[in-house]
């Protein structure tokens, strides 16, 4: 069953993606049509308080003009032929964002239009990527010296106009990037990142004017001496060519990397002859033996295979962490090789550097420039690293960035502060800290600063690493990187801070949101519910319950066993089952409703997530979320190195790379009738009711009949409305019902159940439920943070982390140079509102590990009127509350007495004692806090009924046809005369008027008369035939058509009895009114009773009435 097509644009199917994928404008409203009612074009007078919507990166140096310009009816995107594709793309995009029909055109622009202009004479001013915007009486002008410059200008136009404001202030700006390279590392190394994800990632980069992506990945090896390396993950040449083509269209340079001579396990695991052996003879598949000419040749062959696929002028060889976890002392053969190759006194570092230089020479012969990570630069005796190699600096050990500047190397800033990792919690880009602490492109790892204007500093990038990859799905990564991507965009293009704080920038980037490609991507193309999936019969006959997950996948539950489908067993890379031919299995169902912060269940949870994609002929593909291979019914003919040792039996379901399967990887999903519910916010308090969306789905092959959705809430909760009735839902469609729910007195966990019943009979058809958590308090605004100390050297753990609403970050007391001792405290200003009091303090310990959580704590509260800031408070008085916390990472709450001051207050949370590294060990002297907050009593609001959708699909009953009449020019008394070769148009009218008006037409003799589906009659040959119109339920009416030759005078249209002389009856006046040439099957004119008799004979005398339904 396909997902209901009436979903609102930009809403990502599942509640948590709606509520959260979330941040970052993922759910920004589709249209902005209500934002402006002004006429399109320029106005000399701007509306009062009109401001220019923000863009990311910012357009600094804006010069205000006079007046304003409005996008509206009649606005076009006008360009030359050379920019026609850009114009069409922008027009389509703005149409969807604004609900204004915008066309692309070539020719001259008017003041209503957006014009795109390519002006090569602006190259000196704008460079290769810059653009100029002019907003005024000539419309909105986008000018670039290059195609990409114009394209980047359209990105800013789109961002401004997608935020709900269609009137822009007049003005002008010219902007170009501060740095040449602005982008990201995307490591599809060992595990696969889907091509869908890469496609969306490129769209996001383009929207942010980012132009560089380093892609560490495997192009499927196909040479005789490399094809044993075709283990998963890999990409085919067609895969790569498609996303490289898109990247080039966006001005993005995609640079491939095969890391060497370290991190080579996915290339060398089946080639032991190329692996480096240690002094004991043990080989390591991660290490290429650079002393072996055949191993070096193998690497160069891999480089050759990438020829003709990528368009970049660069090659990246990695060159990092060759000896990670060991040292050259364990590989004495490299010392011997170095001395032989590079002379007396040479070291393994010389051999390592010589290998890099050799690869540099090899790729230069191909017209490419080499790039490496900075830990490829080591101290040497006899060999110097070539100066034309670009150094991407990520790691502070070894040679310092300033030394490399002095030596004249070209540098890119790839600091670890801009890293994400699926498993390593320390690698989470903290955009707020970086922005607020004035990080810039000259700030290298460890805070080492070089001149940000160094002429060989190419720019900076973020890096997205997999590591132990089961901790996050790629969709969770997509959500996580939103802020950091926008931060690096701002820092590398504009190198400025036009927002006073990160919170100000964050508000704008959330309002701008994602570009169109990401908003339009359908993560869950079928509704949650029960489905028959016959192709899975080798696992279970089902049926299967599909449950949507917060990150846009499905959990697939076998309703027979109660267990869930998982891809859990098989050989792995980075802790993910990458084995080609691995078989899915049924396991106990994990809770997939939780997010990535629940790390202890990540492996069970994420191996039960499946990506379903719509494919051809109404069928679907199914992929494990972590592996991105395809489930398929094995044929026994698949070819892959993994299948040489483990091959699934033909007819069983297993995972295979997409290029190894075809129609055997297509699945039929036949839906049962069902119901599901999602909630906007699971946390509810009397001041903040939550909206529940109930979706009722019809089976794929049957309408539902009229149904009613009725909620049942526990005591202490209220819900409106009391029920929602839905008209019969057409087969394969879904309808929506909305409910608002709030807790009045209830607290803690609660379940709201929904019953689906047949409206007429009351028969129960199904149930569903949502889980909520009720609180009678709410978080209050916190500001003006302070702490007794904070650690920013050993790790980045400032006090602001305890108030950033992110459980994955934390504040830590200072523990380096020197460490601070107990007691430790954090303080902040709490603002519950005038006349209100804070009621409690909540504390959450760091979530990555338990290494000494708070044990004995005290809370102090003073009126904010007593001091100008937290730092100015000199007398905190006595604690208003104390508590003993258990040894746990769970949220702890401390109730406060009613004697504290009302209104704004300063709060100090003091940790006097801490637990040890274990529950029984001695207490530690440090402290850490993930989240600290004050709560206040929630003031109840009146619960209202939500407006119900007006576009739910429904089956409408139409009256049965009771009769039909046929009319047309020349028709009289049910008869029509035509000359051979002529035509006539007949019309059928079904009674009653609101019955189905569709009829079928037929001729009793096609050799005499033919009739088409519209009722058009053609006279073919001399003779008589009947033309009949028949309704869907069998009612019919006919016209007798007589065809004559051209010279003939038409005779009677039906048989007549000869009359005897003197026996003719006088003509009498009809007792009923003639039917004006129309013949009715229900009350015919007495003059045509003979024809009526003939009609009934044709109709067969027995008509079965069928109720006609239509879907609207």
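Each residue, glycine too, has its Cβ placed from N, Cα and C.
If you check Swiss-Prot, you get these features:
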ACT_SITE  321  active site, proton donor/acceptor
BINDING   190, 216, 259, 320, 321, 419, 467  beta-D-galactosyl-(1->3)-N-acetyl-D-glucosamine binding site
COMPBIAS  1044-1061  compositional bias 'Low complexity'
DISULFID  187-189  disulfide bond
DISULFID  564-589  disulfide bond
DOMAIN    975-1041  domain 'BIG2'
REGION    938-969  region 'Disordered'
REGION    1044-1081  region 'Disordered'
SIGNAL    1-34  signal peptide
TRANSMEM  1086-1106  transmembrane segment
Residues near residue 419 (beta-D-galactosyl-(1->3)-N-acetyl-D-glucosamine binding site) in space but at least six apart in sequence (CB under 8 A): 394, 427, 429, 462, 463, 465
Predicted model, mean pLDDT over the domain 'BIG2' (975-1041): 95
Distance [Cα-Cα, Å, rounded] between residue 190 (beta-D-galactosyl-(1->3)-N-acetyl-D-glucosamine binding site) and residue 589 (disulfide bond): 27
Cα distance (Å, whole number) from residue 564 (disulfide bond) to residue 320 (beta-D-galactosyl-(1->3)-N-acetyl-D-glucosamine binding site): 41
Recorded positions compared (320, 321) - highest count of Cβ atoms within 10 Å: 320
Set of same-chain residues at least 6 away whose C-beta sits under 8 angstroms from residue 216 (beta-D-galactosyl-(1->3)-N-acetyl-D-glucosamine binding site): 185, 186, 187, 188, 189, 256, 257, 258, 259, 316, 318
Rounded to the nearest Å - Cα separation of residue 564 (disulfide bond) and residue 467 (beta-D-galactosyl-(1->3)-N-acetyl-D-glucosamine binding site): 26
Three-class DSSP secondary structure - residue 189 (disulfide bond): coil
Largest separation between Cα atoms (Å) of residues that the record links to beta-D-galactosyl-(1->3)-N-acetyl-D-glucosamine, namely 190, 216, 259, 320, 321, 419, 467: 18
Surrounding CB atoms that lie within 10 Å of the CB of residue 259 (beta-D-galactosyl-(1->3)-N-acetyl-D-glucosamine binding site), all protein chains: 24
Helix, strand and coil totals (DSSP H, G, I; E, B; other) for the region 'Disordered' (938-969): 0 helix, 9 strand, 23 coil
Candidate with the highest Cβ count within 10 Å, taken from the disulfide-bonded residues 189, 589: 189
Count of other CB atoms lying within 10 Å of the CB belonging to residue 564 (disulfide bond): 24
Helix-strand-coil residue split for the domain 'BIG2' (975-1041), DSSP-based: 0 helix, 41 strand, 26 coil
Recorded positions compared (187, 190, 467) - the one with the fewest other Cβ atoms within 10 Å: 467
Between residue 467 (beta-D-galactosyl-(1->3)-N-acetyl-D-glucosamine binding site) and residue 321 (active site, proton donor/acceptor): CA-CA distance (Å): 14
Rounded Cα separation (Å) that holds between residue 467 (beta-D-galactosyl-(1->3)-N-acetyl-D-glucosamine binding site) and residue 589 (disulfide bond): 25
